[in-house]
Structures are given as structure tokens and as C-alpha cells.
Amino acid sequence: MKNKITFFSRFEADILSGKKTITIRDKSEAYFLAGQQLCVFTHETGRLFAHIRIISISPIRFEQLNEQHAQQENMSLHALKQVVREIYPFENEFVLIEFELINEPI
């Protein structure tokens with residue numbers, strides 16, 4: 001089981017401020033478990049910048065994305081759908097990973 005996850009560096013400030021509390025990933029990342037603690041690295045450089053605890057993981061389809069998800073991502077629904085399409089242009093089925101920032105290193 002992996003205990004690390006990466007995010008594009010543009011999301012770092014929102015994660016550290018607690019404004020971003022979910023991530024939407026393709027199904028290949030469905031191996032995370034509720035309660036699991038992860039080291040968080042930037043995708044671009046591999047720099048460790050945070051630790052999180054997974055609260056829940058659930059399947060979601062692109063068309064199910066709504067305003068609540070956008071708020072949890074700290075962006076508008078239009079922006080959320082645009083970002084998801086940029087990262088996963090051909091996917092429609094995803095996993096929604098809800099997480100919380102934790103202070104203790106793992």
C-alpha cells in the first residue's frame with residue numbers, strides 16, 4: 001500500500017490552508033483507504049509539503065460533480081470540471097478522496 005500522494009504545486013496553498021479537502025482521481029488511485037495517513041508531495045518536483053489523513057473514498061462520475069465538490073476543491077464548478085478534463089481528458093469514472101490536513105509526520 002502506498003503512503004504518498006502527489007498534487008500539482010498550484011494546489012499546495014489551498015491544501016495547506018485547509019480550503020481544498022477533496023481530490024478527484026482516476027480509478028487507478030482507488031487503493032487508498034479511509035483512515036490512511038499520507039505524505040503529500042508536489043507532482044512537479046517531488047517536494048514533501050504536507051501530511052493528510054483520508055476521511056473517505058467513493059466512486060463518482062464526471063456528470064455527478066456539483067457545487068459542493070467545487071467548494072471542497074476551492075474553485076467554481078466550471079473551473080473544477082475544466083481542471084478534471086485537463087488532467088483526465090478521456091475519463092468519466094473517478095474516485096473522490098476526501099481528506100484532512102494533519103500536523104504529525106508519518
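Backbone N, Cα and C atoms are what each Cβ position is placed from, and that goes for glycine too.
Features of the protein shown, as given by TrEMBL:
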- 5-103: domain 'ASCH' (DOMAIN)
- Lys20: active site, proton acceptor (ACT_SITE)
- Thr23: active site, nucleophile (ACT_SITE)
- Glu73: active site, proton donor (ACT_SITE)
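Using a 10 Å radius centred on the Cβ of the residue listed as 'active site, nucleophile' and all shown protein chains, the other Cβ atoms total 22. Thr23 (active site, nucleophile) and the residue listed as 'active site, proton donor' have their C-alpha atoms 7 Å apart, to the nearest angstrom. Residues in the domain 'ASCH' (5-103) partition by DSSP class (helix H, G, I; strand E, B; coil) as 32 helix, 38 strand, 29 coil.
The Cβ neighbour count for the residue listed as 'active site, proton donor', using a 10 Å radius and every protein chain shown, is 22. The local packing around Lys20 (active site, proton acceptor), expressed as other Cβ atoms within 10 Å of its Cβ over all shown chains, amounts to 19.
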